[in-house]
Amino acid sequence: MSFSVNRVLVIGLGLIGGSLAKALKNKRFGYIQAYDRDSEELQQGVDLGVIDEACSSLEDGVKTADIIVLAVPVKATEAVLKAIQPHLRENTIITDVGSTKGNVISAAKSVFGQVPPTFIPGHPIAGSEKSGVAAADEQLFYKHKVIITPLESSDPIATQTVARMWQFTGAEVLQMGVSRHDEVLAATSHLPHILAFSLVDTLAKEQDSTEIFRYAAGGFRDFTRIAASDPTMWHDVCLANKAEILNQIDNFSQGLAQLREAIENENTPAMLGVFTRAKAAREHFSKMLSGTAYSQKHHTGRVTFHVRSGGIVNGHIRVPGDKSISHRAVMLGAIADGVTHINGFLESEDSLATVQAFRDMGVVIEGPHVGRVKIYGVGLHGLCAPPGPLYVGNSATSMRLLCGLLAAQSFDSCLVGDASLSKRPMDRIAIPLRNMGAEIVTSEGGVPPINIKGKRRLSAINYEMPLASAQVKSGLLLAALYAKGESVIVEPAVTRDHTERMMAQFGITLQQTGSRIQVQPPQRLLNRQIDIPADISSAAFFILAGVITPDSDITIERVGVNPSRAGILEILSLMGADISLENPTELCGEPVADIRVRYAPLQGITIPEHLVSISMDEFPAIFIAAASASGKTKIHGIGELRYKESDRIEAMMEGLQRMGIEISVDNDNVEITGGRFSGGRIQSYEDHRIAMAFAIAGTQASSEVVIEACNQIATSFPEFLEVAQKAGLRIHKEETNVS
Ligand SMILES: O=C(O)C1=C[C@@H](OP(=O)(O)O)[C@@H](O)[C@H](O)C1
Ligand SMILES: C=C(OP(=O)(O)O)C(=O)O
């Protein structure tokens, strides 16, 4: 069928109809006519410039309309369809704005025998407690969602036309099935309205209601604003979506009864459970849907860095808590018995994703608040089935470690991540877990989403890892806590041993001889006080700044210098850097020190291969050091860098070449010839470590360096910019909004 859109007829010129008409008229979508039983409203529509023309009869408008929008109460839909039917042309598109869709479909079936292919139901998720055409607001739908619910029999061009009409108002158009729409709306719109009406009505009946309302503060006002909505409309909505609404009321009543019981019994964990989960959900669930962030510090716009050369690097700085250790502290704290307190927790996107995953599995977690987190452990067997897929954003550590833990649970689960994580290899953990008896299905190509079946009895594993990976080792160690018998894992090279050290803190006995780790499933994990050192991977960028900036003298305080992590210190020292460790101590089984760096010229070296697996995440910084050294630096066996948040070898090669540095790459071997950085535009490929490495390189460049897509810095180091500025570097942020 072909459609032209010249004339739009809006039937019902209230707030929604009027706002749509006004927006379409102003955007010149077509000639906008309206019909309303209330002739005064119609006249007002003309007077206010909301519509081009008022139709004196329904027949007049319908006969010439290309699109008819029913903006009438849902209950009136059938009567209006009946009234327009005799005058309709074959290819006139009909849509509506009702907040329930099942009944609109039934109305269309009863009038037309079947739903016409040109009838495309719609529902703008926008409104206001105001009503009438006088309140018409052309911005009402701008950046709001409009759901259209076409049927299989709907004409695709008609669907597209209705979508385009809404897009003219600035709305974001989504498609959904009819029953799904009614189910979702019952929960997200209808129930809250009913609660607001009921709360105000209940309070108003109280004897001292005047007093109550006089002192009603912001909370009451926010929560009950919608109780001023149109009563007739809500009466109609309740009847139109009765079954779904009753379901939601039952669901809610059950939740409220549980909360009541918790309050009555002064059950603190249960109460805090509800409050912290709800707070987290309110703040964070939207991340998955709208691309907003877990952390307040994360920017949702596009972040670009501008770096000017020069600046000094001096003084004492602190960088945030270790990311790897933060993940592990939450995981083990969650399955321990009793309350675990964490200090120094990293409040970054990756570690917050792990927190959210455990909240989804029913663990009560307070914080983080200035690095403090309180976890009410549920014990080894206390995790609950999450309500939906566990979303872990950009974080492979969360995903691979969780695979091990989830493989041993009594419920099914699904792990999903963002676009970057969705490309990263997961078979490396899925395959050995399957050997233990787990049922894990990765998506095509061995990538996320990952579906994990519950209720599998795991057996112990005896595994020689083909690949050096702390994430795989840790995922297996977590699964081994639930397996029957003693597991033995042998590493091909040293990788970070934070899991082993953290398990020991929680009272688990591990035996370690060389590269071999043995673990017996424990009865229980003890609750703990965990203090997390600063992250050496974040410190690395300021160590680098100190190493390449003339006259620098900088100390980064209380950094974790675990030998299975601190390869960068050895590599830079071999290149001639002046690095010393001061005030060495230990925090929860992890060696810690202040790292002092003073400028000294660097020379190129061949990096010993045994240092590669203990400095994996630091290679972007090491590449920059090599580019600043005199002579050639040769690096071998770094193929794993290709499987990080970006292909870090390619990203570094491209950026260094842009900055005039000679670099050659042969598979997983790289050779860099030191030189002078020129300015330029660098693509970070949305990889936090690439962005931060080039930001430091930029401080030594001959002209300005601009680094694109720096948002993901928030995955590991949200305060990077502030710390860099404090240290004396000239890095500035430009933030542009993306709609
Ligand atoms: O276990 C961990 O916390 C990590 C291990 C490393 O990954 P692999 O295990 O893939 O080498 C590292 O690159 C990652 O940033 C964090
Ligand atoms: C590779 C990294 O993290 P993950 O693997 O957890 O995404 C990293 O932080 O550099």
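Glycine residues also receive a Cβ, built from the backbone N, Cα and C atoms like all the rest.
Automatic prediction, not curation, is the source of TrEMBL annotations.
TrEMBL lists LYS323, SER324, ARG328, SER469, GLN471, LYS644 as binding 3-phosphoshikimate, and of ASP360, ASP617, ASP668 the one it places in that same site is ASP617.
DSSP classifies GLN471 (3-phosphoshikimate binding site) as helix under the three-state reduction. Taken residue by residue with DSSP, LYS644 (3-phosphoshikimate binding site) is part of neither helix nor strand, so it is coil. Here the candidates are the binding-site residues LYS323, SER324, ARG328, SER469, LYS644, and by Cα distance the one nearest ARG424 (phosphoenolpyruvate binding site) turns out to be LYS644.
Annotation for the binding-site residues LYS323, ARG424, ARG689: lowest Cβ count within 10 Å of the residue's own Cβ, ARG424.
For the domain 'Prephenate/arogenate dehydrogenase' (6-293), the mean pLDDT of the prediction comes to 89. Across the structure, SER324 (3-phosphoshikimate binding site) and ARG648 (phosphoenolpyruvate binding site) place their CA atoms 19 angstrom apart. Cα separation, SER469 (3-phosphoshikimate binding site) to ARG689 (phosphoenolpyruvate binding site), rounded: 18 Å. In the three-state DSSP reading, ARG424 (phosphoenolpyruvate binding site) counts as coil.
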